[in-house]
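*Asks:* Sending over a structure as C-alpha cells; questions will come in a sec.
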Amino acid sequence: MIIVKVVLPLPIRKYFKYFMPDSMCPIIGGRIVVPFRSKDIVGIVISFCNKKNISNLNLAFVKSCIDTESIYSDVVFSILIWLSRYYYFPIGSIFFSILPKYLKKICLIDNKNYKFAILRKTKYKDFKTFNLLFFCKKKSFIDKDLEKYTFFDFFLKKNFLQKSCKNYFYHENIPHIYQNYLIKKKFFLNKKIIFIINKILMKNCFTSWLITKNNFYLKVKFYLGLIKECLSKNLQILILVPFVKDIYQILFFLKKYFNVYIDIIHSQLNNEDYLKKWIRTKSGKNSIIIGTKNSVFFPFLKLGLIIVNQEHHLNYRNLDQCRYNVRDIAILRAYKQNIPIILDSDTPSLRTLYNILHKKCFYIKFIKNKKTFFLKNNVIDLRKERIKIGLSSTLINEIFNNIQKNYPVLLVLNKFSFVFFGLICRRCGKIEKCHICNDYFETKKYDNFLFCRNCLIKIKKPLFCYNCKNFSLIVFDFGIKKIKNSFKKIFPNINLFFLLSLKKNKTKKLKIQFFKFPISNACIIITTEKISQHYYFPYVRFIALTNVDHYFFSFHFCSIEHFLQFYFNLINLTGENKKLLKIFIQTSYPNNKFLLNLCSSDYFLFCRKILSLRKKYFLPPWNFQVIFYSSSKFFEKSFIFLECIQIILKKQSKRDNVSLWFVGPHPVFSLKDRKKCFYQLLIHSPSRTYLKKILKESINIVQCFSISQNVQWFLDIDIY
C-alpha cells in the first residue's frame, strides 16, 4: 500500500499523508479526492512516502483519482515547491492559486462542452421561458455550468431542449505550433540586429539580456527578428506585461506581421476562457502568449523565449502574503528551462543594473550615442503659495492657461492624502480627530476601529458623539465627495473627469481603444498615480503632480527609485508629444537634491548616485534584508511573537560570530491595504545564505511555542 503526501487548498504550512488503495495509480502533480474532517476536498499529490511499518499508522484512504497525468509541468512544479520553501508560504495556497477555477474542483480537463437545440417552441406562452431557451441555444455550456442553472433539468424533462452536440477542449480546430507559420508582412534586418539575435540564440542556454535606451524603430525590428527565429524552431514565446492595456497594444502589433495563434491572459477573463487557454498552452496549440502576472506559471509544452516588458514596474510585485516578484520568477523559469530572457525597460530597476555590473545580465545596445531627452518641469514651493484643495495659485493659473489653448490637463493626486473614510455625526457634523496631530481619524465601512495614519494610533470606534451625546455616528467618504465639490467650485464651466477607480473597467469590453482617453478638447482629468498608468492620454500637454513629498520622507528606502521611474515614464502616458509636454511638481521641500537635478540629469546618472549611496550605507542590493510581518486579533501577541524571533536570532548570530541588525518590532500598515495594521521586524545581514539558514532554524524553534498558533505571519524577502 502506497502512502502519498498531499497538499490541500488551506493556509497551512504542511502537507497531509493518506493511504492510496492498490487499485489506484497516483501521479505526482495530479489531483485526487481525499476526506478532510467531515467533507471531501480536492488535493494535489506532492510525493510518495516510503515507510516499512504501516500497521501503526492511522491514516485516511484516498477516495478517487481525478487526473491521469500531472496538471503542472516539471519546471512549474519545482518552482512552486521552491517558492513555498524560500518565502515560507503555505504550500497548498501556492499550488491552488495558479490553477484555473474549474481545476480547483472535481472537474476533468477534457470536460464536455454542450450546445442545445429548441424543441416544441410554439407551445409555450411564457415570455421568460422563451428568452431562457434562446439563451441556451446561443451559448455553449461546460458540464459544470449545467449544475449552476437549475432550469436545465426542467427543460430537458419537458422536452423543451435537446443536447445537439458536444465538443472537447482538446479537439478544437486550432493550428498547431508545429505547423508552418506564415508571415503577413516581410521585414528586413540590418547586420547589427542579426548579429545580436544570433548571439542570444546561438548558445542554446540560459542568458539574461537588458534592452534599454534604444531607438523605438530598431527595438521593434529586433523583437520581430527574435520572434521569427523562435517560431522557425517551433518554440513558444511568453511576453509578460504589467497592465492589460499593454496586452492589446502588443497583440495589435504582432497580428500585423505574424499569422500564428496568439493567446492573451489577464485577470478579467472568464473562467471558461481561462481554462481553454491554459489547456491550449499545455498541449502546445498556441505560439505566443501575452499576459500579466499569472501567465508566468502556465504549463508550456516547449517554451523557447521569455520577454518581460517594463521589468522595473511595481505591478509585477505580488502584494499578497507570498511577496514574490514575477520578474524574478520569469528569470528562474528561464534558468530552469535553459532558455534566454529579455528584460525591457527605459528605466530599469537598480537590481537589474546591479546584475549588469556583476555580469549576471548582459546589456543590448544598437546605437553608441543616443541624445537624451529631458522633460520640461517646474517645481512649485507650496510654502510660498496660497493653496486651495491641495492646488497652489500658480498651478491653478497654469491650468486655466492650458484650457484657454483648448488642451486637456492631467492632475495626478496622492491617493492616501485625499481619499479616506471618516466618522461624522449626522446631527452636529463633528468629525473625529486625533488628539496628537489634530488630523482626521480614518476607518473602514465595516471596521470597529479608528486609526491615525500619522501617529499609528488605533482606538475603538465610539458608540455616540462626544459633542452632542447622540447615537448618530456614520461612516462618510470624505475624499471623493470633497474633491468633486471643491473642483467644481474652482473650475465651474470646465469639464471634469474623475478616474479614481478601476471597478468600471470590468463591466466593459476590453479593447485597445478603451484604454485611450479620446477627448482632445479642454478638460481636466483627475486621477491617482496608480490608476493613471492604466490609460493613455494622447492629447494631454500638461501634467501636474500635486504632492510628491511622501516619496522623499517615506520609511522605505526604495521610494526615491520608484518616484524616478514614475517620473521618467510619464512620457509613455502621452504618446508622441515629447517636446510639447510640460510637468509641474508641487512640494514643500523644493531644495531636495533629487528634485533640483531632475531637469538636467538622466535616469542612469541618478541610478549611479543611488547605488553608491546604498553601497555606502550597506543597503540592498549590496546587502540583504528580510521583513517579518505578524498580525493577530490581540496586538500584544503579534508583538511578543516577533520579540521571540528577535531573541532567537540574536543568540544564534552571537554563537556564529555574525553581525545581524534589527529594526523593530513596531506597528506598520500593509502595502496592499493601508487600513490594515501589522507589526514588523526588519532583519539585515551581509550574507544571503547565512540569513536563509538562520531564519529556517529560528522559525522551526518558534513553531514549538503556543504563541505561533495565535498569530498570522509571513516574510518579505529580497526588498528592492
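A Cβ is built for glycine as well, from the same backbone N, Cα and C atoms used for every other residue.
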*Asks:* Need the matching range: Swiss-Prot marks motif 'DEAH box' on one of 137-140, 309-312, 369-372, and I'd like to know which.
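*Replies:* It is 309-312 that Swiss-Prot describes as motif 'DEAH box'.
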*Asks:* Of the binding-site residues Cys425, Cys428, Cys465, which one has its Cα closest to the Cα of Val220 (ATP binding site)?
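*Replies:* Of the binding-site residues Cys425, Cys428, Cys465, Cys425 has its Cα closest to that of Val220 (ATP binding site).
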*Asks:* Near the ATP site, what residues other than Lys213, Asn214, Asn215, Phe216, Tyr217, Leu218, Lys219, Val220 in the same chain have a C-beta no further than 8 Å from the centroid of the listed C-beta atoms?
*Replies:* Lys221, Phe222, Phe366
*Asks:* Expressed to the nearest Å, what is the distance separating Cys468 (Zn(2+) 1 binding site) and Cys434 (Zn(2+) 2 binding site) at their Cα atoms?
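*Replies:* Cα to Cα, Cys468 (Zn(2+) 1 binding site) and Cys434 (Zn(2+) 2 binding site) are separated by 18 Å.
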*Asks:* Measure from the Cβ of Asn215 (ATP binding site) and count the other Cβ atoms within 10 Å, all protein chains considered.
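*Replies:* Result for Asn215 (ATP binding site): 12 neighbouring Cβ atoms inside 10 Å.
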*Asks:* What is the one among the binding-site residues Cys428, Cys452 whose Cβ has the most other Cβ atoms less than or equal to 10 Å away?
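*Replies:* Highest number of other Cβ atoms within 10 Å: Cys452.
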*Asks:* Find the average pLDDT over the domain 'Helicase ATP-binding' (200-366) in the predicted model and report it.
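*Replies:* Here the predicted model's pLDDT, averaged over the domain 'Helicase ATP-binding' (200-366), is 89.
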*Asks:* When the Cα-Cα distance from Phe216 (ATP binding site) is computed for each of the binding-site residues Cys425, Cys428, Cys434, Cys452, Cys465, which gives the smallest value?
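*Replies:* If we rank Cys425, Cys428, Cys434, Cys452, Cys465 by Cα distance to Phe216 (ATP binding site), first place goes to Cys452.
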*Asks:* Taking only the Cα atoms, work out how far Tyr217 (ATP binding site) lies from Cys452 (Zn(2+) 2 binding site), in Å, as a whole number.
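*Replies:* Here the two Cα atoms are 51 Å apart.
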*Asks:* Mind checking how the motif 'DEAH box' (309-312) divides into helix, strand and coil residues in DSSP?
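*Replies:* Output for the motif 'DEAH box' (309-312) reads 0 helix, 1 strand, 3 coil.
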